[in-house]
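Reading through the structure tokens given below for one structure.
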Amino acid sequence: MSQFIIQGGTKLKGEVEISGMKNAATPILAATLLTDEECRISNVPKISDVEKMLEIMKSLGASTRWIGDHSVSVKASNLNLPSLDKKLFKSMRSSVLFLAPLLVRLQEAILPEPGGCIIGNRPLDTHVFVLEQLGAKVERENDQFHLRAEKMKGTQIVLPEMSVTATENALMAAVLAQGETIIKLAAAEPHVQDLANFLVKMGAKIEGIGTHTLKIHGVENLHGAEYTLIPDQIEIGTFAVAAAATHGEVAIHPVVPEHLDKILSLLASIGVNLEIQGDTLLIHHSHPLKSFKLQSLPYPGFPTDLQAPFGVLATQCQGTSLIHDPMYEGRLGYINEMIKMGANAIVCDPHRVLVTGPTPLYGREIKSFDLRAGATLLIAGILAEGETILNEAEIVFRGYEEIDEKFRKLGVKIEYQK
């Protein structure tokens, strides 16, 4: 069992370099399967989810290789579905992003249902709905999808929910469908925009990028392209919270300020002293911090992936903060671990928690439940007095590249043991 061993009580100081966005890397890698030509993707984070995506693609017959520290070459000239690593496919949620590309390329595919982080009920019905609207036939039995479609046809799709990955599957299916597709209630997160922009570089015709209505004019084929991923909005927020909670002085770069509007406005309302200089976010010593109300919402609302880090920040704020995550019912598991460390928190229901502060935290042996909870509890360990042991630490590397080394450069005494 892997562990982070953290000696707490450090005020963060220094600079941190942000990696490419995990949630953009996974759909864009999947989208490279839409062409038989080479694609080169830069600023790709070296995280376990990306490595798994590449292994799945290799098992399908695609040629994948790292060309430098953070650039990947993919060429999917020939795809061979029978050789798919089904165990690996089932092990990660992001494999759902292969549904549309494989159906488009192969016209028929039998695929296992994806797995991933245990953060509540995340049904795949919207993905099935999207593909069926475009003319695919989808059968689900024995935890498998049987997908068939000789040629999908453009149509109007009104999504039942603003699902990010369902929007991404809809985009990847529609760009090569016959005619025009309009997607209403589309997710508009920065990583959805990044996928759409990559598809445009491949030759797709997409209007309305960054809005909740997308218009796609189907094309005959897509070609290879070179593309650079955006910096990770969630990693930026995670380090901003860590700096603010420890009353530190940290420069975070690169950032895309317009992707951070809701995050930065909430930090400012809490009393965090911050400024933007070009593509750098500066977090200055901030004290005191005020309690807040947070509700996660689809973009441009507050991202659900940052709800947990703001939960640990609430322990250092004066007063009672309310955190509400209506999207997932399993994302408050980290609260019980923080209570073990001394946090004053009450879980009202599976979606809401009240956190009262400021309260000191104390080092304990605790457990990570999912990717974002792991990063949150790592921050709690940095805040805590004494030593914190965070078990199942490998989960954190699914989404954060060298997070221990980045915190070490900011002055944190942290050790990773496999």
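Glycine is treated like the rest: Cβ placed from N, Cα and C.
All annotation found in TrEMBL is predicted automatically rather than curated by experts.
Features of the protein shown, as given by TrEMBL:
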- CYS117: active site, proton donor (ACT_SITE)
- LYS22, ASN23: phosphoenolpyruvate binding site (BINDING)
- ARG93, ASP305, MET327: UDP-N-acetyl-alpha-D-glucosamine binding site (BINDING)
- 6-406: domain 'Enolpyruvate transferase' (DOMAIN)
- CYS117: 2-(S-cysteinyl)pyruvic acid O-phosphothioketal (MOD_RES)
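Its Cβ taken as reference, ASP305 (UDP-N-acetyl-alpha-D-glucosamine binding site) is surrounded by 23 other Cβ atoms within 10 Å in the chains shown. With the fewest other C-beta atoms within 10 Å around its C-beta, ARG93 stands out among the binding-site residues LYS22, ASN23, ARG93, MET327. The CA atom of MET327 (UDP-N-acetyl-alpha-D-glucosamine binding site) is located 17 Å away from the CA atom of ASN23 (phosphoenolpyruvate binding site). Rounded to a whole number, the C-alpha distance linking LYS22 (phosphoenolpyruvate binding site) with ASP305 (UDP-N-acetyl-alpha-D-glucosamine binding site) is 12 angstrom. Rounded to a whole number, the distance between the Cα atoms of ARG93 (UDP-N-acetyl-alpha-D-glucosamine binding site) and ASN23 (phosphoenolpyruvate binding site) is 11 Å.
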